[in-house]
Structure formats: C-alpha cells, structure tokens
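According to TrEMBL, the feature region 'Disordered' maps to 1-26. The transmembrane segment annotation in TrEMBL covers 46-68, 98-116, 250-271, 277-298, 333-354, 379-404, 469-497, 517-541, 619-641, 661-691.
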Amino acid sequence: MAKKRKPPSIKEEPSGSDLEDENFGSPRTFDPDFKGPVADRSCTDVLCCIIFILFIIGYILLGLMAWVHGDPRRVAYPTDSNGHFCGQKGTPNENKTILFYFNLFSCTSPSLLVNLQCPTTQICVSKCPEKFLTYMEMHFMYRTRENYWSYYSQFCKAASAKPVKAFTQLLLDDDCPTAIFPSRPFLQRCFPDFSTKNGLLTIGNKTTFNDGSGKTRNVVELRAAANGVNKILDARAIGMKVFEDYATTWYWILIGLTIAMLLSWMFVILLRVTAGFLFWVFILGVIGILAYGIWHCYQEYSKLQEKPNSHLSIYNIGIQTDISMYFQLKQTWFTFMIILAILEVIVIVMLIFLRDRIRVSIALLKEGSKAIGYIPSTLIYPVLTFIFLSICISYWAVTAVYLATSGTPIYKVIAPEGQCEHENKTCDPEIFNTTEIAKACPGAHCNFAFYGGKSLYHQYITTFQIVNLFIFLWLINFVIALGQCTLAGAFASYYWALKKPDDIPPHPLFTAFGRAIRYHTGSLAFGSLILATIQMVRLVLQYLDNRLKDAQSNISRFLQCCLKCCFWCLEHVVKFLNRHAYVMIAIYGQNFCRSARDAFNLLMRNVLKVAVMDRVTEFVLTLGKILVAGCIGILAFLLFTERIPMIVEGPTSLNYYWVPLLTVIIGSYLIAHGFFSVYAMCIDTIFICFLEDLERNDGSTARPYYMSQSLLKIMSKQSSQTKKQ
C-alpha cells in the first residue's frame, strides 16, 4: 500500500522574518483540542461593560429629560417678539402662520433673520403685504376710503377701529410699521418679493420707494438688508426644481437601485466560481468607464470650441446658482478630462506592478466566496447594522432638537440704533415701557431673543449636547464593532471546520452574534470607546478651527493642521487594529487588550503578507463597487439625457438631469458597499485564521492545515517568491 503523501508544509518559511518572532511575541503553541472559535468562554472587560450600560441608562434619562423640557414646535413655528408661536393650533395666532418684520432695514445681518433676533418688532400675520403703502399715506387716504386702514391694520400689533395715533407717537409706541412693501412668504416669514425687469432689480415694479420715515430708499438697499435671505430664495427656486425632478424620476431611481442590488448579489455569487474572470471584468470595466468618460469630455470640449464665451474660466463667472452654466465652459470639461486621464493611468500602473500579488487576492476572494456561499445569512446582516445605526442617529437627532428647544422665552433689550447702554440685557415685555430702560433709551424694545432658563438643567444644556454627541459616537462605533465581531465569528467557524461544509456548526451567524452580545459587550464597548474619544477630539479641533479661523496666526494654523492630521492618522490606525482585535475576540474569547496585542503581534510577525494582502484586496473590492455604481450610472445617464429613446423612453423635461443621476450613482455605490463590506470582513477573518493556522499546524496528519489546498498552494508560492526577493 502506497504511503499517504504528506500535505505541503510552509512551516519552514519564517513568518515575515525570524527577527520578527523575537520582537513581536512567539507564535501560539499547538493545541490539539482547538477546533475553531472557543465555545467555553467567559465575560470579558466586565468593568467597561458596566460603564457602557450605565452610560446607556444615563443617555435614556437624558433623552427623557430633554423630552420633558424641550418643545420641537419652537423649531417648526416662527416666534414673534412676545415669544408666541405663529400658526400654533389652539392659540390666537392659529390662523396667523407667517412672521412679519416691522423694519427690515434694521436687519443688517442675514443671520439675525434666521435666528429671529433682528432688532425690530416682529408679529404674526395671516398673509404678507402685496403693495407699497406708508402709514402717512394710509392715514391721509383713510379720510376718503376706510378700507385702507382695514388692510394696513393687519400688520399692526393690535387692530383698532381707526388710526388714532400721530406719526411721532406711532414711532415711540412701535404699534405699526412705518411702511409696508410687496413681500412673499418663505420659511414662514415675509421677505421682499424681488424681481428683475430689463436687467434692473425691482420690487413691485419699482426701483425706489418711500420707507415711511420721509426717506427715499433704493431697492438695492433693501436687497443689501436681506442679501443672505435672497440667496436662500434663489436656493428655494433650485429646491423646487430638484423636487420636481425627483417627483418625475422617483420610480426610475428605485429601478436603478434595485438593479444595483441584484448586480451586487450576482457578482457575490459569481465570485465563488469565477473570481479571476470577474476580477478582470472589474478591471476592464473600470478602465472602459474611465475611457468613455475621457471620450465624452473630449467630445463636449470640441463642441464648445466654436461657441462664444465658452473660453471663460470658472473664476470669471464666479459662483452661480444655475449649475448648468459651468457645463457651458471649455475649462470644465477639460478639467474633467484631465482628472479621468490621471485616474486611468493610476489604475493601469497599479495593475502592472501588482500583477503577481493579485493572484493571492483572487485566491482569497474565491475562499471568501465559498464561505459566504456556505453562510448566506451574512449578506443580510448589513441590513441589521443599518437598522441599528438608523435608531442611533434618530435618537441623537431627536434628543439634540429637544435639548436645543428646552427652556422658557428669554427677552432682551434691543436698540435699533445701537446707542443704548442697556442693550442685550434681560427684560420683561409686560412692564418694559414703565422701566427706567425705556426712558433712558427711547426707541428701544424688549423683544424675544431665545429659549433658556436659570435652573441647573438649563445651565448645563451645552454640556448635555456634548454628552449627547459623545455617546452617539460611542454607540455608532459599538454597532459597527458588533457587526465586525459577529461576521468574524461566523467566518471563523467556516475556516476552522476541517471538513467543509459538514463540520460547520449550525446557524454560525446567530451563534456568533449571541456570543458577542453575551460575553464580549465590554470588549466591544472598550474598543469603540477609544475610537469615539479620538473622533470627539477631532470634532473639537475642527470646531476650534472654525471659531478661531480669523484670529489665528500662521503658526497656530500650522500647529492645528498638524494636530488634525495626527489624529486623522491615529483614528485610521486604531480602526485597523480594532478590526483585527475583534477577529481575535471572536476566535479566542479573550479581553480587548490581549486580543489587540495578539492581533498586532501576529500581523507584525507576518508583516510582508499583510503588506501584500491588505491594500490589494481592498483595491479589488473597491473596483467592484465602482463597477456596479459605474454601470448603473451609465445606464441612468443615457436614460435621463434621452440618449436611448429607441430602447426605452425615459423622463422628459428634467430641470437638472444630474440630480437623479447622482442619486442613483451614490445609492448604487452604498448598496454595493453593503455587500462588499461583508466580503472584506470575510477576507480579513480568513487571512487572520490562515496566519494562525500556519503557526499552530504543520500540515501533518496529526496537525493538519485547515485552509484549502488551493489557498495553501498559492500562499506557499507567494512566500517562496518573497524569500527569493
């Protein structure tokens, strides 16, 4: 009887180098009872688990406290100078849904309008003024036609049977505006109804008008007072057009996203048997898409050669709300063409230099595809992660809104002329006219400013918002860590099954999820806490940069830029280590620190293999995402620009075809990312298990390798080539 041939062994080849074993710990000794993820395990990082649970309980209590004190109606409804909501049901302002400003010229800063802190009286009205009319004109015309007062009184604090006050008394009491002019409601506020006639800016077909105080004002002055608001009005027009495009193309967008999901699923299934073929399809597909983009940009560039004004630069035309204007410039298409050409060269150069290492990636893709084929439930897990993330984001957003709207109305002294020493002091509108402040500052008003309070809760609103943000980051990272540990446990069960698929335990995904929740909540919370702390520091640095941008010197800007760069690098390093630490936790059931140390030592002992695998595998999967998004994007482009009417008739008369196009492309990429992220975790887990397999076993009958023979053969060949080099 012929002697059974011993499986090939690569144990003699040092993992990285012999020196690495000494510097980064010794390989694990052989354990004859090790058959995959440890079943007999205990709870890890219990202290961090308790702290995490206490934080969650505190987070729930914070949300309840914010819910009790907050009032989101303060966001939904504008507030008048007395702190009353406009349009709120069950109040005298129920039918008055729009906020009206007495003197818009006082609002020199556009931000004051948005924050409801414009230094002028604000009241709730049922409609905005539709014509020019001053108080003096109305007072004169009232003698012959009483309906002038009935119209004008809509915009006064309190209606009366007739205008009894003189103009000087009106200015002191501030009961009515000195003038009204054509306006239109936007964001439930009356803003000037600007229009353009023969190239001139007008309002109600006038370029000048009387402001009610005897001054003749130019429309440009009014435009300057509401300059920021007018930009919002322009944005509103764009927003309406975008909404129309979505209303026209929503079903085409859903069809495109459905095709993207099916295409991603098909690629995942086909990778099991045709990983090499599909990889080259990915490569050629990306190269083809980039080539088509270069050709299309060149065609558009050539068409614009003969058109007037196409030679202008983006700098010449400045910032425009009409995006299509940029596509009428040669410079735009030339820039796109250069960018695509650079990307094309980068892809081709990477293929040339990484052609040998790509074989290893293809082997891992095949192995990963087999694992997913045996555990198909892993493709559904990203949906569960999406649900958890949606809950966290929704809870954080709702809590932030309730915290921001907590408190009672706070009133401040506002002087339109800015010449009052008591300006910005707290006041009471009920008795303001009888106080010394009203006498010392004629023309000053006691207007609503914001919501706040003097209780302990209201004093720490800002602190609560910071805590809300920090716990949100902690929960987000915990959910991601839970998904990574769960998938790692499921794929590790596949790898350490000696006879696949017979030895794979039943329901490996649900078993891994249960183990992660039951035993390793503390470890996952520990790793996510470290990452959340780093992200919080990065947010603080970004906040300080925005707040102190104008006051910083060149040295401070440089130091802050260095800090931001260092913490960005630190965040990505920690993410890399955490990801592999969760794999070790899923396999051995040890605490976070020991798992992170073991993962780090294992990777450093095999640093050459890590260098080969990590970036190349990510490159392959990224190409898959780009190809899915690119294929759907090209089809959507041809459809929305009516390039294939003979095949299918798409939507016509779109305002901005790029709006649904970008929606389809981004949505397709996110869908593909969900599928391929499972693949990425699968490959990382198999790679870690493979390295552990090499150190534990030698390929003999007593200590057989758990990896597939095809993977062992390719990795052995790759190790030999590395050794020769």
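Yeah, the Cβs are placed from backbone N, Cα and C, and that goes for glycine too.
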**Report entry** Contact call for the transmembrane segment (469-497) against the transmembrane segment (46-68), three or more Cβ pairs under 8 Å
**Finding:** yes
**Report entry** Beyond the flanks of the transmembrane segment (46-68) by at least 6 residues, Cβ under 8 Å
**Finding:** 395, 398-399, 402-403, 406, 457, 464, 467-468, 471, 474-475, 478, 521-523, 525-526, 529, 592
Query - the transmembrane segment (277-298) and the transmembrane segment (379-404) contact flag, 3+ Cβ pairs under 8 angstroms - result: no
Report summary line: Here the stretch out of 379-404, 517-541, 619-641 with the most C-beta pairs under 8 Å to the transmembrane segment (250-271) is 619-641
Requested in this report: Go through the chain and flag residues at least 6 beyond the ends of the transmembrane segment (619-641) whose CB is under 8 A from any CB in it; none is fine as an answer.
Outcome: 249, 252, 256, 259-260, 263-264, 267, 279, 281-283, 285-286, 289, 292, 350, 354, 358, 361-362, 365, 648, 650-651, 654, 657, 660-661, 664-666, 668-669, 671-673, 676, 679-680
Report summary line: Beyond a gap of at least 6 residues from its ends, the CB atoms lying under 8 Å from the transmembrane segment (379-404) belong to 62-63, 66-67, 69-72, 75, 265, 268, 372, 461, 464-465, 468-469, 472, 475-476, 479-480, 482-483, 486-487, 509, 674-675, 677-678
Query - Residues from the same chain, set at least six apart from the ends of the transmembrane segment (517-541), whose C-beta lies under 8 A from its own - result: 41-52, 469-470, 473-474, 476-478, 480-482, 485, 560, 563-564, 567-568, 570-571, 574-575, 578, 581-582, 585, 589, 591-593, 595-596
